[in-house]
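Here is the structure we will look at.
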Amino acid sequence: MTHPIRIAPSILAANFSKLGQEVRDVVDAGADWIHLDVMDGHFVPNITFGPDVIKSLRSYTDATFDCHLMIAPADSFLEAFAKAGCDILTVHAEAGPHLHRSLQTVKALGKKAGVSLNPATPESALEYVLDSLDLILVMTVNPGFGGQKFISVMEEKIRRIKAMVGDRPIEIEVDGGIAPETAGVVTGAGANVLVAGSAIFKGGSVEAYRAAIEAIRTPAEKGR
Ligand SMILES: O=C(CO)[C@@H](O)[C@H](O)COP(=O)(O)O
Ligand SMILES: [Fe+2]
């Protein structure tokens with residue numbers, strides 16, 4: 001199944017003092033989804049924001065809220081993120097303790113379910129949960145921070161995941177170091193959702209965001 005290319009700006013790189021306006025501006029500039037990086041200072045060595053901040057952003061746009069949960073364990077917080085207005089809840093396979101149960105909980109909350117894999121985690125971790133998934137998030141950097149370099153061996157991993165997915169209607173998302181230079185590489189390997197933080201938010205205006213999104217979308221479309 002072929003999904004459209006989607007550009008999902010990560011607000012981790014936005015101006016946190018005016019997040020609502022940043023979300024509105026980047027959607028006006030052509031963003032398809034808003035990527036929300038939730039970090040707990042335990043699963044990853046950084047802390048960001050939780051469901052209350054997401055809830056306060058919900059009134060700024062109808063765009064899909066794509067929530068990347070870098071928290072362990074995630075299960076006791078899933079309901080709060082669902083109620084905050086997230087559309088997709090992605091948990092890490094490494095966060096445990098029961099990945100299958102986490103995915104069933106997300107589905108029971110009426111949300112789309114995603115699994116993310118750290119760079120060192122093999123794609124075989126997905127084998128027995130494939131039929132519960134709406135999205136697979138391939139980390140192309142180690143999670144925790146924006147502005148890191150794309151790990152090029154992840155191209156092969158995306159390719160293998162694309163083959164595993166087959167005809168299932170699962171979206172393949174990539175996250176970390178996505179920029180005009182890497183966009184075509186990841187879509188050529190099979191990804192269709194491209195998260196980008198620093199490559200989009202560096203400009204600070206709607207016009208700059210529009211140019212940055214197009215600078216990723218064009219090679220992403222060509223790379224397919
Ligand atoms: O999940 C993460 C980092 O853990 C990402 O979503 C980053 O926010 C991406 O930032 P860039 O690499 O695009 O600057
Ligand atoms: Fe992310």
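Cβ coordinates come from backbone N, Cα and C, glycine included.
According to TrEMBL, the feature active site, proton acceptor maps to ASP37. Annotation note: ASP37 (active site, proton acceptor) sits in a strand segment as assigned by DSSP. Its Cβ placed at the centre, ASP37 (active site, proton acceptor) has 24 other Cβ atoms within 10 Å.
Under a cutoff of 8 A between CB atoms, and with a sequence separation of 6+ in the same chain, the neighbours of ASP175 (active site, proton donor) are SER10, HIS35, HIS68, SER116, LEU137, VAL138, MET139, THR140, VAL141, PRO143, VAL195. Marked as active site, proton donor by TrEMBL: ASP175.
DSSP assigns GLY177 (substrate binding site) to coil in the three-state reduction, placing it in neither a helix nor a strand. Residues or ranges marked as substrate binding site in TrEMBL: SER10, HIS68, GLY144, PHE145, GLY146, GLY147, ASP175, GLY176, GLY177, GLY197, SER198.
When secondary structure is read from DSSP and collapsed to three states, HIS68 (divalent metal cation binding site) falls in the strand class. Annotation comment: TrEMBL describes HIS35, ASP37, HIS68, ASP175 as divalent metal cation binding site.
Apart from SER10, HIS68, GLY144, PHE145, GLY146, GLY147, ASP175, GLY176, GLY177, GLY197, SER198, the substrate site neighbourhood in this chain, defined by C-beta within 8 angstroms of the site C-beta centre, holds LEU12, ALA13, ASP37, VAL141, PRO143, GLN148, VAL195.
The C-beta environment of GLY146 (substrate binding site), restricted to residues of the same chain at least 6 apart in sequence and closer than 8 Å, consists of SER10, LEU12, ALA13, GLY197, SER198. Report note: the divalent metal cation site is defined by HIS35, ASP37, HIS68, ASP175, and the residues of the same chain whose CB lies within 8 Å of the CB centroid of those residues, excluding them, are ALA8, SER10, LEU12, LEU36, ASP66, THR90, LEU137, VAL195, GLY197. In this structure the C-alpha atoms belonging to GLY144 (substrate binding site) and ASP37 (active site, proton acceptor) are separated by 9 Å. With all protein chains in the displayed structure included, the most crowded Cβ environment within 10 Å among the binding-site residues GLY144, GLY177 is that of GLY177. A gap of 15 Å separates the Cα atoms of GLY177 (substrate binding site) and ASP37 (active site, proton acceptor).
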